[in-house]
């Protein structure tokens with residue numbers, strides 16, 4: 001995994017408030033884009049992962065050929081390195097769909113190299129780039145000098161002001177949707193927004209409107225398909241929130257499932273600096289690792305959320321400790337596993353598994 005995958009500091013605002021913004025420019029009017037279009041009229045759409053490929057195909061139907069650059073369930077999209085074939089694929093794209101937030105910078109880099117910046121639709125606005133952050137592994141047990149403490153206090157007050165502004169913006173974009181898990185602590189922001197079902201419902205509607213500008217003759221089809229998709233996602237979201245796992249907690253080896261589980265009512269017991277280290281591609285500090293290991297071994301948590309695509313020796317040992325203590329362990333992938341044919345089927349299976357854990361825990 002790369003050294004860091006954080007939004008620029010000015011954009012570390014909480015993921016839900018940054019959703020659903022297309023990059024500047026239209027994908028449907030330049031001569032270059034017209035030249036790259038399929039003579040049959042079929043659009044070429046490139047996505048970073050199969051998650052977005054599946055959702056986009058549902059919306060666009062037969063009007064587009066959709067290709068995911070990362071569709072291997074054994075691969076980690078965080079550390080994906082683009083190939084020469086990927087470059088050729090992006091060269092011919094009419095529309096490029098990126099997650100953003102530093103999750104898939106390989107795709108926006110390819111778009112820039114190919115002169116396709118205006119074709120990019122990015123879900124999380126801001127630079128889709130890896131930027132340096134402070135080392136989250138440093139043990140903060142030593143008392144900071146007074147000047148440092150004052151500086152940190154001032155920064156916290158600034159962050160609170162920014163958060164207040166973002167809450168107002170969120171009401172416009174994603175009314176009623178809030179996550180306590182979008183942590184700035186330790187330089188961590190969760191970019192795994194496809195596990196946020198309400199956000200994906202919004203994405204379906206917003207992307208269809210974007211594509212109506214690219215292909216106006218198909219606007220009605222896109223709107224109808226997006227509405228049907230959003231309705232199915234909303235039903236899953238309602239079911240997930242009805243789990244009501246309040247009073248239960250989970251520990252995550254990586255942040256991928258955070259939105260889904262907190263929406264189900266779980267408390268996230270994972271130290272945010274632990275997650276920040278993982279997101280930066282670093283080994284977790286000995287202190288944080290031991291803390292997580294103890295939480296699993298001593299049954300301080302009800303569920304271990306495990307990402308097999310970002311497995312390390314440390315995460316494997318935490319899993320072993322949880323299983324040895326009879327703590328429930330669920331796998332949550334970055335991309336659609338082979339056994340599931342679609343995003344909807346996959347998310348339904350995830351919710352099934354979470355429901356079972358809660359039911360068994362409560363007898």
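Backbone N, Cα and C define each Cβ position, glycine as well.
Sequence annotations record features per position, and here TrEMBL assigns signal peptide to 1-24.
Feature annotation from TrEMBL assigns region 'Disordered' to 131-185.
Among the features that TrEMBL reports, compositional bias 'Acidic residues' is placed at 134-159.
Among the features that TrEMBL reports, coiled coil is placed at 219-246. Sequence-distant neighbours of the coiled coil (219-246) (same chain, 6+ residues past either end, Cβ-Cβ under 8 Å): 55, 58-61, 63, 197-198, 200-202, 204-205, 207-209, 211-212, 260-261, 263-266, 302, 344, 347-348, 351, 354-355, 358.
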Exercise for the section: Summarise the model's confidence over the coiled coil (219-246) as a mean pLDDT value. Expected result: 98
